[in-house]
C-alpha cells in the first residue's frame, strides 16, 4: 500500500504497511482500484453526456465511491469489493448506452482509443483487485509534481463528493457538480497533462467546492431550518442512551422520530454537535446534549459513554473489542463485524430498531455533570448580528477575526490551536467550523459587547458560512478585496474535506493562510512553491510567532 491523503501520513511521507488511521493494505489497494475505476466510469459518462445520455445512478455512484475512500469512512475489504463489482456493472451500463447513442447519431461504430480504466476487467476476485490497485495507485505517475497536483485534485474531489452526497440524500441536486467531479477524474488519466492545466483544474475545483458547500447549506437549511444561537448541554442523564457521531442530519432526525416515547435520550458526538442549532431537530426534547469531543477521542469516549452508538459517516476509529458490540454503522461507513443499518428503500426511513433495542438492553448510562456551550452562528444568524458586528469593528472593539476552522486530530502538535486561542488578544473573535472547535470551544474566552469570542458556524461543510460571512463583511465595510478585511486564517486540516475547503478559499483569492499542524505530504516542493508564490500559504510555526505575523 501507499497512502498519503491525510495529515497522519507516516513519517510525513506516506503509510506503506498499515495506515496510521487503521486502514489495512488490502483495503488501501482496493480503494486505489475503486478510484481508478471511477475515472473509467467518468470517461464513459462524459462521452454519454455529449450525446444526450444521462444516468443519475452512475453519476451519483462516482461521488459515493469517492466518499467511501475518504479517511476514516470505510475499513471493510468486503464493502470495497462490493463497490468495485458495482463499478464494473455501472461502467458497462453507461458504456453500452453511449455506444448505442454514438452509433445511432454517427452511423458508425465508436473506434477512439480508450483509457485502460474504462476497459479493464479480469476475473480473479479480491486478490487480483488488490494487485491491480497496487499497479494503478498513487505512485503510478512518476513525475513528482504531476503526481502531487493530480492527488491534490483528487483529494479535493473527494471532499466535493462528500458534501454533494450529503445534499443528494436530502434531495438537493446539481448535475454540474457531479459532471465536474467526472471531468477532474478523467483529466487525471491523461499522461500528457501539464502542470499549468492541473493548477487551473485545482482552482476550478475550489469554485465547485464552494458550489457543493452552498448546495449542502441550502439542503440542510431547507430541510431543518436556519441554525439558531443555542446552548448545548455536555453532560448526560441516567437513562438509556444513543450516541450519534458523523455528519448525517437525516439519519439523526429519523432516529429521533423512532426513539420518541421510548425513554431513550439521544446525544450527539463530534461533528454532529451543530444538529442542536437546527429548529426542526432541537424541537425533539430527547435530543439531550453533546457527549465527548472530536473524532479521535472516540476510543475512550465511546467506551465511557456506556450506551449504543451510531456512526453515520466519518470519522470512525477502529473500535475496541470492549464496545464493538454496541457500535452500529450506516450509509457509507464500513467496518467488518459491526452491525450495519441498511440504506433507505422505496422512500421509507432507515430502520434503527437494532440500535434502539441495544440501547434498551444496555439500560441507563451514568449521570454526568456538564457545562453548556453556545453554537449556531451560521451565516443567517450572523447576518442578524451584522450591524452589531460592524459597529464593533468600526469602534475598534473587534480588531481581528481569526478563522480557525478545519479538523482536529490525535497528534500532540495540535495542542498548538488551544494555546493559540488562549493567547489571542481580547479584541479578537474566532470564526470556526468543523471539529477543530473542540480545541477551544470549552475555553471561557468571554465576549465583546455581547458577541461571543468563539462563533461556531457548524460542521466542516459550514465553512461555507464563514465564506458568506466574510463576503457580507466585505460588502458592509465597502471593501474591494477579501484580503482587505480584518480577517486572518489559521486552518487545521486532517482529511480530504478540509482540502476541498482549502481549495475553496484559494479560489476566492484568500491569501496568507497558515496551514497546520503539518503541510500535506502529497504537496511536492515545487507545488508548494506555487502555492506560496501565488497565495502566500505558510505552515504554522510557534504560537508566539504566528500571533505576531497574523495580527500585525
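Cβ atoms are placed via backbone N, Cα and C, with glycine included.
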Further [4Fe-4S] cluster ligand in Swiss-Prot, beside 3, 6, 15, within candidate set 21, 315: 21
Swiss-Prot hybrid [4Fe-2O-2S] cluster site partner of 271, 315, 407, 435, 460, 495, 497, selected from 247, 286, 340: 247
Residue among binding-site residues 3, 6, 15, 407, 435 with least C-beta crowding, 10 angstrom cut-off: 15
So of 247, 497, which of the binding-site residues has the fewest other Cβ atoms within 10 Å around its own Cβ? 247
DSSP says residue 15 ([4Fe-4S] cluster binding site), in three-state terms, is strand
Could you say which of the binding-site residues 271, 495 has its Cβ with the most other Cβ atoms inside 10 Å? 271
The binding-site residues listed are 3, 6, 21; by CA-CA distance, the one closest to residue 315 (hybrid [4Fe-2O-2S] cluster binding site) is 21
With an 8 Å cut-off on Cβ-Cβ distance and a minimum sequence separation of at least 6, pull the same-chain contacts of residue 21 ([4Fe-4S] cluster binding site), or say none. 6, 8, 15, 71, 72, 317
Here the binding-site residues are 247, 407, 495, and the Cα closest to that of residue 3 ([4Fe-4S] cluster binding site) is found at 495
Name them in sequence order: residues not among 247, 271, 315, 407, 435, 460, 495, 497 whose Cβ is within 8 Å of the mean position of the Cβ atoms defining the hybrid [4Fe-2O-2S] cluster site. 270, 295, 314, 434, 459, 494, 498
